[in-house]
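Notes for the one structure printed next.
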Amino acid sequence: MAEDTNSPMDRFCGSTFWNSTETWFTNDPDFTPCFEQTVLVWTPCAFYWLFVAFDFYYLKASLDRNIPWNKLNVSKALVNVGLLVITALDLIMALIKKGGDSQLPLYDLDVWGPIIKFATFLLLFLFIPLNRKYGVQTTGCQFLFWFLLVVLSIPRCRTEVRLDTERGKILSSEEATEQDFSWEEYQFASFFIFFTFSCLMLILNCFADGLPRQTKYQRGENEIPELSASFLSRITYQWFDKMALKGYRNPLEEKDLWDLRPQDSCSEVMPIFAHHWNQNVRKNYRSKTRVEPKAQFSNGHVTFENPHGEKNGRKKGMASIMPPIYKSFGGVFMFGALMKLFTDVLTFAQPQVLSLIIGFVSDQEKDPQPEWKGIMYSVLLFILAAAQTFILGQYFHRMFIVGLRIRTALINAIYRKALRISNSTKKESTVGEIVNLMAVDAQRFMELTTYLNMIWSAPLQIGLALFFLWQQLGPSVLAGLAVMIILIPVNGVIASRIKTYQIRQMKYKDERVKLMNEVLSGIKVLKLYAWEPSFEKQVLDIRDKEIATLRSTAYLNAGTSFLWSCAPFLVSLVTFATYVLIDENNVLDATKTFVSLSLFNILRFPLTMLPMLITNLVQTQVSVNRINKFLNSEELDPNSVHHDPSKPHPMTIENGEFSWGDEITLRNINIEVRKSSLVALVGTVGSGKSSVVQAFLGEMEKLAGHVNTVGKLAYVPQQAWIQNATVRDNILFGQPYDRKRYNKVIDACALRADIDILSAGDQTEIGEKGINLSGGQKQRISLARAVYSDADLYLLDDPLSAVDAHVGKHIFEEVIGPKGVLARKSRILVTHGVTFLPQVDSIYVMKMGEISESGTFDQLVKNKGAFADFIIQHLQEGNEEEEELNQIKRQISSTGDVPELLGSVEKAIKLARTESLSDSISVTSADSLMGGGNGSLRRRVKRQSSHDSVASAASLKKKQEVEGKLIETEKSQTGGVQFAVYKHYIKSVGIFLSLATLILNFVFQAFQIGSNLWLTKWSNDDRVANDTGLRDMYLGVYGAFGFGQGVLAYFAVVIVYVGGFHAAKVIHNDLLRIVIRGSVCRFFDITPIGRLLNSFSGDMDVIDEELPATMDSFMTFIFMVLATIVVISMSTPIFLTVIVPIAFLYYFAQRFYVATSRQLMRLESVSRSPIYSHFSETVTGASTIRAYNVGNRFIDESDAKVDKNQVCKYPSVIANRWLAIRLEMVGNLIILFASLFAVLGGQTNPGLVGLSVSYALQVTQTLNWLVRMTSDIETNIVSVERIKEYGETKQEAAWELEQDKSKPKNWPEEGRVEFQNFQVRYREGLDLVLRGVSFNIKGGEKVGIVGRTGAGKSSLTLALFRIIEAAGGRISIDGVDIATMGLHMLRSRLTIIPQDPVLFSGSLRVNLDPFEIKTDDEIWKALELSHLKSFVKSLAAGLNHEIAEGGENLSVGQRQLVCLARALLRKTKVLVLDEATAAVDLETDDLIQKTIRTEFRDCTVLTIAHRLNTILDSDKVIVLDKGQITEFASPTELLDNPKSAFYSMAKDANLV
C-alpha cells in the first residue's frame, strides 16, 4: 500500500495527494482519494468557520425572539445529530480497525478528518437552538456550507462506486483470496450515510423556519414575505413572485402592498441616527456637557440636540451630517462594498475563461483537447456569470436600502428641525427652499448611494483591465487608453454646451408656460375681443425657438453618442494598429483579439461612470452643505417664556425688549392680563400689536425682561393657518370629538351656515392653504379650533378682520365678549375695530413698538391721547356700518366733553349712508350665502359672473347635489397603453422619419457585425504573419468599417431626435389649436387651468425630452440584442433552437415586470407628494403648532407619511432586482449555450467562437436595459395619451365662414338688436338661465339692464357674443341672425368693456392693439379720450411700457381705463358695458361714464348696471328676474309706478 511519500500531504494521507495525469491530462478525469477526503471536505468547513461571524451578527441584530419547535427545526436537529454520530463513529472505527495490531497503518487523516468534520457539525448544531431562541429564520452561511459540502462530495461518490465495483470483481474472480475489505466496506457505507444526511440538510436549509412568537413590532397579516423567506428565496427574489403575478393580473392598488420591514421604518432608523448626530453635536462644544446614554425614545420620541447648544457653550464649528450617516449606516454599506469587490473580480475572470475556450477551439485541428475540458470551460463561464448575477442583485438591494434609510433619517431630521428654527433662520430661506432640502437634497443622497462604491471600484476595474490587456498586447494598450482619456474632456465640453442649451430651453419653456397661463386665465376676454389668433401666434413663436434649441441639443447629443459608439471602436482600432505596427513579429490571433475586445468592453463602463459620478458627487456635496447649514441654524430659545405658577396673573410681560433678529422691535413692554379678563391691543398698522402676541408665544428673541404664562395656550393667528384636511379635523386639531362641545363651538363661531353649504358638511376636505374657503371662513375655522381646544389662555390676533361686520358682531358677542363662550378665560384681543372696545376690560394702545397708554375705554377717551387719534383716524377710513357707528356715538357722548370725536363720528355716519349699493337684493342673497343671514348691507360685494355664483336660491340645492364636483376629475390611466396611442405618435413623427430610423439603426448594426467579422477573418489568416501589405489591407478595411459605423451612429441618433421633435411640434400645435378653440362653458368652466397647464408643461416636457431619448436607447438596444442573436447563430446555427424558449422566458419576465413596476411607480409618486405638502404646511404653521404644543403629533404624522412612501418605494426597488436576476439568468443561459455549442459543435474557427461568446457576454446588460427602456417608453407615452384625450374637447363654432366676406366692411350700420323668444343654458343638463326673452332695441338707444345676482344679466351679453350658444329662439343684429356668422366676424364687430379688466403681460401697445393694425395717432387719441395720455406720456417707454402679468403694475382704475381705450379704438355700432362693481373709485367711474356719453353718442349701448344712478338717464330699462323680463320701459315710466320692482330698488338706494 505504501507509495512514494514525497510531500507532507502524501504522508498525511498515506497515499498520493495530487496526480495530474489522472486528473488533467486524460479523457476520464478523476481526483485522488486523498484529495477528495481532504481538500473537498475541508473547503466547506473552512468557509463556514470564516464566515460564522455573520451568523453571530444576525443573532445580535434580530428584532424577534423565540421560534417554537416545529417539524423543520426538529428534523434539522435530528439529521445533525445523525451526522455527529456518524463522524464520531468514523473516528472510533479508525482507531479500532487500523494501527496497533492490525496490518493497516493508522494515518493522520483517519484521526484529523473526523475531528475537523465533528467540530464543524457541532458548531452548526449549536446554532439550531440559538437561532430558535433569537428568532433567526434562515441563514445564508449555513445554506452555502451544505451546498458546497454536497457539491464537493460528488466526485467522491463516483470514486467510491468505482472502487466498490472493482472490489466486487476481485471477490468474484478469486473466491479463495484472503484479502480483508472490511475497512473499505465500512468507509463505503459510512460515506453514503454521510452523503445522504448532507443532502437532507441541504434540502432542509432551503426552507425558512417558522414564525417567531415574540416580535418587537406587531406583525400584520399584510407583512412582507421577505421577513420569513428562506435564503434561497431571498437571493432569487422568489418571494416577490406573488406581487408580480398580482400586478400582472390587475393593476396594483395601495391595499395590495406589504407592510414596511420594521428595520426600515422611522421608529428603527431615527434613534440610531439621532444618537450619532447628538454625539457629533456634543463633540463640537468645548464646555463639558453630560454624556447621554444611547438615543432613547422619550415616550416614543427621538430627541435631537440643538447644535447651538446652551448659550454659554462656545461653538467649534458646524456639526456635519456625514459622520452620523457613516456611523449609522456604514455597516451595511461596507458589506455591500465587499460584495462589489467580489463581482469586480468575477468580471475579470470571464475574459480569462474566454481565452481558454478560444484556445480549446483553435487546438481542435492540430491536437484536439479532450471534450470534457470544453464543457467544463462553458459551465465555468456560466457559473461565474451566475455568481456575479446573484451577488450583484444583493449588492444593489443593500445599497438601495442604505439609500432609503439615509433619506428617511434626513427627511425626519429636517422635519424636526423645521419645527424649531428661529425667525432669523426662517427669514433667510423661503418655504420652498426648505421643502427642497427634503425633496431634492435628501433624494439626491438616495440616488447616489447605489453608485458611491464606484469611487474605488472604477479605478480598480480600470487598473485590472489594463493589467490583463498589457499581458495580451503589451505597451500598445497605452495608445488605446490615451484615446479613451482624450475622449473624456471632449465629452465634458459637449456636455457643458448641452447645459447652456438646456438653460436656454428652460427659459423659453417658462416663457411659453407663463403665456399659456395668461391665455388660459383670460380666455373669456380673448374670445370676447376675438384676439385668439394673435396669442396663438405668440405661443407658436416661442415654441419654434424652443424646438430650435432642442434641435441644437440633439445634434450635440448625437455627437456624444457618436463619440461613445466610436470610442470602443477607436480604442480597439488604435490599440490593434499600434500593436501590429510596432513590431513585425506581433501577429493578431483569435485569443488576443477577442480577449482584448471583451476587456475593452469591460473598460467602457467605469470610464463612462467616473465623470458622471464626479458631477454627482459635487452635487451631493452641495446638498450636504445646504442640509448642514439648515440643521446647524439657530433655534428658538425654549426658555424665553417662563411658566411660573406663583405669579399673581396668568399672563405678564415685565420690562420686555424683543426683536425679530435684527433691530429692536418692542421696548418697555409691561402688560398684565388678569385671570378671566379680556384685554384689547389697539394701534395703527405696524405699531407692533402682533409682535406682542408673538412675544407671549416665545417666537421673538427676548433681549431683556421677563415673560410669564401659566396654563394651556390657544392662538388665533392673523393669517388663518388651515390644514389640508376636513373641516372637522381642522377644528378638533388632534383633540377627541365631543359632539355637544363641538356643536356649541360651531354655532358660536357662526360656521353652521357655511358647513351646510359645503358639499360634504364638516367632512368636506379643504384644499391646500384653505384654497376652497373664503378668508372669513378660514378665520372662523381658525377661531373655532382655538375655542374647541378649551385652553386657559387665549391670544387672538385680529380674528375679526376677515369677517363681515355683522358676523364679527355675532362672534364677539358669542365667543370673545364678556357674555361669550370664553368669558371665564384670560384673553388678549388684537383688533382694528372700534366697535367692541367699550366692552373690554382694559385697552393697551401701541405706538411705534411701545405702549403709549393703557386703561379702560372711558379713561382713554378722556385722556385725548393716542387713543383718541386712533379712533378719529379709524373713522375716516369709513369701514363701519351705520348702526355700529351710532353705538360708538352713544358711548362717546356718555363720557362727556369730546366734541371733535363726535364730529368725526357724524361724518362717518353720513358716508356710510351714501355708499350702500343699489344692488340690494343681490347683496342679501350673496350674504346669506356667505353665512350672514340677517341681510344687512355689505359694502363692496364682489359680484361674480352669475354662473359662478348661485343661479338662484331654488336651484342652489339641486346644483349642489349634481355638482358637488364642478371640476371633472382627471382620469389616472391604469393598465397598458392602447396601440392607438403608439400609432398616433408614429404618425406625428412621420412615416419617412420612422422608417429612416429603423433602416439607419439596421445598417449601423450591420456595419458593427461586419467590422467584427472582418477582425475574425484577420485573426484567423495565417499569411498575415509574413505579408505586411496584407496586414495593412486588413487594418485599412477595419478602419473604414469603423468610420462608417461612427457616421451612421451620428445620423441614426439625429434622425430619432428630429423625428421626436417633429412629433413634439405636431402634438403641441394640435393641442394648442384644440384648446384655444375650446368652448368656454363646455370646456374651460369644467377643466381646471392647472390640468391644462400641466399638459402644456409637464406632458410636453416628457414628449420633448424624455421620449426621443428613450426611443433612441430603445432602438439601439433592440438592435444590439438582434445582432447578438445573429452573430451567435452564424457561428453555431444550432443556437437558434434554444432562442425560442429563452425568448419566451424573457417575454414573460418583461410583461410581469412592466405591469407591476409601472403601477408601483405611480403609487410611489402619489405617496411622495403628501410628505412634501405636509412639510410645507408644517413650516407655514410652525408657530401655531408650537403655540398649541402639538409638535410631537405632527412629527408622528410626518413619520407615518414617510413610512407610507417607503411602503410603495420598497417593492419597486425589489421589482427591479427581481427582474434583473431573472433577465440576467436568461442572459447567462445564452452565454452557456453559445459557449457549449461552440465547443461541442465541432466548430474549428476560433475567431467566430471568440466573437459569438464575447457578444454573449455582453447580452445580459443589454437585455436588462432593454426592459428598462420598454417600461420607460410605456411610462412616457402616457403623456401622448393624455394629450390625445384633449382631441375630444368640445369646440366652438367656426371662426371664419365664407359668407362673412360678403358682409359690408362697416356692418352693423344701424345697431338694431332684437331678441326673439331667446333661451340659453350653460351646458347640456343644466337649467335654462334665460327662459324665452324677447325685446327690441332700436339703433342708437341706450338701455340699462338691472336685476339681482343670478337673474341672467351677464348671460344676456355672453349670448350676444355667442360665448354661450342659443338653446332656442334667435338674436339678430341689423336683421341678420348672428348664428349664421363666423364667430370672429361677429365678435370683432361688437365692443365690450368687461367687468374685470384683464391685461396680458407684454407692452401696453399689444394690450390695446394685438394685431398691430392701428396707427400711433389713433392709439394716442384713444388714450387721450380715456384719460390715460398724461400717465402714458410720463412713462419712460411710453406705448412700449411693459405690463406685468395680470397688469399688476397698474392700479385697478388704470386697468379699467385701458379697457375703455380698447373699446374706443374698436368703436363699433354696438357697445356692451358690463359695469365694474367694487374695483373702481367714484372718480374713475364718472370719467368712464362721461367718455361713453360723448364718444358713443350714436351707438347702441347696453349697460349692465349695479349703481342705479348710472342708468337713470338711459332710454329704456330692462328688469330681469330668474331669466325672464319682468319690466321693459323708460326709467321715468317705471319710477312713476310705486309697484314696479325698479321703484323698490331705487328706494333701497335712497334715490327716491
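Each residue, glycine too, has its Cβ placed from N, Cα and C.
Taken from TrEMBL, the feature transmembrane segment covers 39-58 (among others). For the transmembrane segment (39-58), the residues of the chain that approach it from at least six positions outside its boundaries are 31, 113, 116-117, 120, 123-124, 127, 136, 139-142, 144-146, 148-149, 152-153, 155-156, judged by C-beta separation under 8 angstroms.
According to TrEMBL, the feature transmembrane segment maps to 135-154 (among others). Remote same-chain partners of the transmembrane segment (135-154), defined as residues 6 or more beyond its termini with a Cβ less than 8 Å from a stretch Cβ, comprise 40-41, 43-45, 47-48, 51-52, 54-55, 58-59, 62-67, 120, 124, 127, 194-195, 198-199, 201-202, 205-212, 214-215, 227-232, 234-235.
Cβ atoms under 8 Å from those of the transmembrane segment (188-208) belong to residues 72, 75-76, 79-80, 82-83, 86-87, 89-90, 93, 137-138, 142-143, 146-147, 149-150, 153, 156-157, 160, 163-164, 228-233 of the same chain, restricted to positions at least 6 beyond its ends. Per TrEMBL, transmembrane segment is recorded for 188-208 (among others).
With a threshold of 8 Å between CB atoms, the same-chain residues lying at least 6 positions outside the transmembrane segment (324-342) that come near it are 269, 272-273, 276-277, 279-280, 391-392, 394-395, 398-399, 401-402, 405-406, 409, 449, 452-453, 456-457, 460. Look at TrEMBL and you will find 324-342 (among others) tagged as transmembrane segment.
Per TrEMBL, domain 'ABC transmembrane type-1' is recorded for 335-619 (among others).
Sequence-distant contacts of the transmembrane segment (375-397) (same chain, at least 6 residues past either end, Cβ-Cβ under 8 Å): 235-237, 336, 339-340, 342-343, 346-347, 349-350, 353-354, 356-357, 360, 450, 1213-1214, 1216-1217, 1220-1221, 1224-1225, 1227-1229, 1231-1232, 1235-1236, 1238-1240, 1253, 1257, 1260. Positions annotated as transmembrane segment by TrEMBL: 375-397 (among others).
Within its own chain, the transmembrane segment (451-470) has Cβ neighbours under 8 Å at 333, 336-337, 340-341, 344, 347-348, 351-352, 399, 477, 480-481, 575, 595-596, 599-600, 602-603, 605-607, 609-610, 612-613, 616-617, counting only residues six or more beyond its boundaries. TrEMBL lists 451-470 (among others) with the feature transmembrane segment.
The feature transmembrane segment is assigned by TrEMBL to 476-498 (among others).
Non-local neighbours of the transmembrane segment (561-582) in the same chain are 469, 473-477, 479-484, 487, 490-491, 494, 588, 593, 596-597, 600-601, 603-604, 608, 1004, 1011, 1031, 1035, 1038-1039, 1042, 1045-1047, 1049-1050, 1053, 1112; each lies 6+ residues outside the stretch with a CB under 8 Å from one of its CB atoms. If you look up TrEMBL, you'll see 561-582 (among others) marked as transmembrane segment.
Taken from TrEMBL, the feature domain 'ABC transporter' applies to 651-873 (among others).
Look at TrEMBL and you will find 995-1275 (among others) tagged as domain 'ABC transmembrane type-1'.
Marked as transmembrane segment by TrEMBL: 1035-1059 (among others). Long-range contacts of the transmembrane segment (1035-1059) within the same chain, counting only residues at least 6 positions beyond its ends with a Cβ under 8 Å from a Cβ of the stretch, are 550-551, 554-555, 557-559, 561-562, 565-566, 569-570, 573, 576-577, 580, 989-990, 993-994, 996-997, 1000-1001, 1003-1004, 1007-1008, 1010-1011, 1014-1015, 1018, 1108, 1111-1112, 1115.
As annotated by TrEMBL, transmembrane segment applies to 1071-1090 (among others). Listed as Cβ neighbours of the transmembrane segment (1071-1090) (distance under 8 Å, sequence separation of 6 or more from its ends, same chain) are residues 517, 519-521, 523-524, 527, 532, 535-536, 539-540, 947, 966-968, 1096, 1100, 1283, 1286-1287, 1289-1292, 1295, 1322-1324, 1363-1364.
Annotation source TrEMBL lists transmembrane segment at 1117-1148 (among others). Non-local neighbours of the transmembrane segment (1117-1148) in the same chain are 1001-1002, 1004-1005, 1008-1009, 1012, 1222-1223, 1226, 1229-1230, 1233-1234, 1237-1238, 1241, 1243, 1245, 1248-1249, 1251-1252, 1255-1256, 1258-1259, 1262-1263, 1265-1266, 1269; each lies 6+ residues outside the stretch with a CB under 8 Å from one of its CB atoms.
Positions annotated as transmembrane segment by TrEMBL: 1219-1240 (among others). Long-range neighbours of the transmembrane segment (1219-1240) within the same chain, counting only residues 6 or more positions beyond its ends whose Cβ lies under 8 Å from a Cβ of the stretch, are 236-237, 357, 360-361, 371, 374-375, 377-379, 381-382, 385-386, 389-390, 392-393, 396, 1124, 1128, 1131-1132, 1134-1135, 1138, 1142, 1145-1146, 1149-1150, 1153, 1157, 1249, 1252-1253, 1255-1257, 1259-1261, 1263-1264, 1267.
The feature domain 'ABC transporter' is assigned by TrEMBL to 1313-1547 (among others).
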Hey, which bits of the same chain come close to the transmembrane segment (476-498), Cβ under 8 Å, at least six residues off its ends? 466, 469-470, 553, 556-557, 559-560, 563, 567, 570-572, 574-579, 582, 600, 603, 607, 610-611
